[in-house]
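Look at Swiss-Prot and you will find 15-56, 88-129 tagged as zinc finger, backed by sequence analysis. Summarising the annotation, Swiss-Prot assigns Zn(2+) binding site to 93, 96, 115, 121. Positions annotated as domain 'B30.2/SPRY' by Swiss-Prot, on the basis of sequence analysis: 269-452.
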């Protein structure tokens, strides 16, 4: 083959980032190709988009497939380079004047066939240099993939912890305000209980805030360790075959230790103390709600809205589901325009539910009519996937860091005050009060259950 053509052929197999032959090559949607490790390292801290280093176009591809054609060609090019290296005069066996073709895994040396069968090496494990290099490189790539997956998991967890830390003080203040407002509706002799409960809530809030900071720092430190180990493996993977074999050492063992004891995000629970007489006060406004399930487009439409609110990618702290759900939605037979009303719902040990009240137009809309986000939905919901659970309220969407109610949940609707309050009946404690609700009467109770 003409040397010029050979050089062009070789250039096509060179990664533009590391300037070495491709290692596990991937081709992104703009058409340019890179080593997978080089592309990943170029991703840096951007969770969604990265710019192509060749054309600067952005790509959001994450699950990249290996370009098998480039991988085979790059492997062939590396074999040619290895063969040329081993065929050189300097690499001939000094004793037998033969080409070294075998690799001794015990002392990590290159041997000719005669040396590999000598008394010194007879009991050692040998294999052809070419296959040994491929095997070692594949082990490195597998370990790098594990490291990258852990790095991505740690990155997601760090984002969750950063968001929680940033919003935590505001969340604690919202809880304090809601509990103060509830005590204002109670008799004056509750003053000492109110003071005690608020002080305990503040103390718990400060303790959790401190733990969130520590958790975030651990994840940030682990991010640097994971990246450093990944870069070290990448550097080893790109070494010429002979150098890779001789320098391999304990790098796999060290990388395995990095994967141990990965920090996990906290599951903060800011439980509030019981409010004496809370249920007795609310029972003065007790009503019985009759639910009717209807098979209609509006039901399907609303369930999809609820599901998207629960698992929307804009809320990193909320679990994401990949399963296709089956949704059950029931409307209350009653409607409310004024006054105060209280009812309870038995949730038991179930997950993936939401209930509350909504503006009437939700029932009248069909799936082709657009409603902005959660406007007019005043709900308490609970969702769970394989790794976490979340309790939330809507209008606006707000995660509630409290223990999940395990039996009955009460709802108190105050049409004049424009508030919807949720209480844990067993604990006689306030979960949250949605203030300043944008009611557009009549209001109708709803209950939604999503099965995954």
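For all residues, glycine too, the Cβ spot is worked out from N, Cα and C.
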TODO: Using all protein chains shown, find which of the binding-site residues 93, 115 scores highest when you count other CB atoms within 10 A of its CB.
DONE: 115
Open item on the list: Among 96, 121, the binding-site residues in question, whose Cβ has the most other Cβ atoms within 10 Å in this structure?
Closed with: 121
TODO: Determine which residues of this chain, when 93, 96, 115, 121 are set aside, have a Cβ within 8 Å of the centroid of the Zn(2+) site's Cβ atoms, and list them as they appear in the sequence.
DONE: 95, 98, 100, 111, 112, 113, 114, 116, 118
- [ ] Over the domain 'B30.2/SPRY' (269-452), work out the mean pLDDT and round it to an integer.
- [x] 78
